[in-house]
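A quick write-up on the structure given underneath.
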């Protein structure tokens, strides 16, 4: 039976970020997606100018209540949340997750804790604090990048070993799995892009090429979370889902770099989202 994921993220009319980077890849992999947009912007915020705004937080809950009213909420297998437009939306996500799990106790919640960083992503005050304080106790899985992981544990991280320790501290607060979408390891080659996935008993490290963009494309993290969620819903083991994610994201990023584009080449690389031609084996990053 086809799996269904409720994806609560931003939407851009032009380009690929948030749901605009996540929905198509998940569908291409064979997962039904119910997009719930937290904001609707003309384009992503790293252009420096954009129009649009956030959806009302109460309307988010009302929309999910509407799905429940037609008897479809028990079909939801997972909730994926990403960029939130207001602190009130973060509270609405908690209500939505509670409603989904009440309708389907087997459903799980994957939190991509978008906090904003030096990269230019604009996040409203109060959202980071909510994500750090509350979401680890609610999420079944979390997908921070390096900076977000540091904020979640309250200290700097410089090595793989320190990252695994930080992930395990986070796991002790609630989530069963932590996917580090981008890990900065001082011991890794400068031309490699590192990722890490950690559970209570497993830790897998993976690398792909780091492409020399003049401007790094936006939406790579959203794509990463989406592919990992989809492959997990399709029944992959943690390692298999991780390796497929690493390979599929590499295919999209490589196609974007080769085309000289700023926006992700999702359509051009769609066949490799499903069946990547290049594969990158993960290795054990640590054992509990």
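The count begins at 1 with the first shown residue.
Cβ from N, Cα, C; glycine included.
Per Swiss-Prot, ATP is bound by 143, 148, 181; the candidate from 112, 222 named for the same site is 112. The record from Swiss-Prot ties 45, 46, 222 to substrate, and of the options 10, 188, 237 it ties 10 to that site too. Cα of residue 143 (ATP binding site) to Cα of residue 10 (substrate binding site): a distance of 16 Å. In the three-state DSSP assignment, the secondary structure recorded for residue 46 (substrate binding site) is helix.
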